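Record features, source Swiss-Prot:
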BINDING   G166, R167, S168, S195, I236  NADP(+) binding site
Amino acid sequence: MLIIDGKKVSLDLKNELKASVDNFRSITGKVPGLTVIIVGQDPASQVYVRNKAKTCKEIGMISTVIEMADDTTEKHLIETIHKLNNDPTVHGILVQQPLPKQIDEFAVTLAIDPSKDVDGFHPENLGRLVMGHLDKCFVSCTPYGILELLGRYNIETRGKHCVVVGRSNIVGKPMANLMLQKLDATNCTVTICHSATKNIPFYTLQADILIAAIGKAGFITADMVKPGAVVIDVGINRIEDPSTKSGYRLVGDVDFEAVSTVASAMTPVPGGVGPMTIAMLLKNTLQSFQRINNL
């Protein structure tokens, strides 16, 4: 079975992005800038933001983190976003989720200029994705990362049956729409399964490409997978494990050990889809920089 190594691909991609950033710096004297806003003290969010900032700096981009208190008002957050929208040195704006309950996440998403929405969450970017205008939008980073993996591993997708398990706005919905497009690593027949789907194995057993993004540890078992299928595991779930120093370990939505005896190729957890998400965020930021500067 082939292991689809997101850690390696993300490293290759980051090296490519660094070379591009260095080239644009020598030509224009400018570099891409990403600003991340974090509201509150959520530990997981703080880790994610630190990782994004660290990777950003490693490839030569300007990274700015704006920290706001838990009691920040929606009005203040949106005013800050509007200032960033008008700042020519900022090419990507990301508001780390989740947000405190007094803030409407959708209102915040709408406040971000679509041309700087490098997370790909703005309805304008999602609409352009659905219509196939991928050269004029930003694709949500996790689906975009999966597309990159499929392409770099030369996974045959044209005319294949892709089943996406999960319908979140961040992964499931954009992933399904992406796999419908007429691209080298897409052009599939697509089925979406979700919490109200009856007899999910009936659909997953038909999948040539199975993408699991349901948020349940080990949900996809070997008897749900068609022999020879390509399995992409988006899930990141923390489960107790007394044998580890931390007392827990990370697993995906797929029972990796069992499914690896059936699948032809799989992404591991950790080290599969996860590392690609930040890499694609930076790729989107570079694309924004190029568009804004007509490069």
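Backbone N, Cα and C atoms are what each Cβ position is placed from, and that goes for glycine too.
Across the annotated binding residues for NADP(+) (G166, R167, S168, S195, I236), the two most widely spaced Cα atoms sit 18 Å apart. The number of other Cβ atoms within 10 Å of the Cβ belonging to G166 (NADP(+) binding site), over all protein chains shown, comes to 24. Around the Cβ of S168 (NADP(+) binding site), the same chain contributes A213, each under 8 angstroms and 6 or more positions distant in sequence. Within 10 Å of the C-beta of R167 (NADP(+) binding site) there are 18 other C-beta atoms, taking all protein chains into account.
In terms of local Cβ density within 10 Å, I236 ranks first among the binding-site residues S195, I236.
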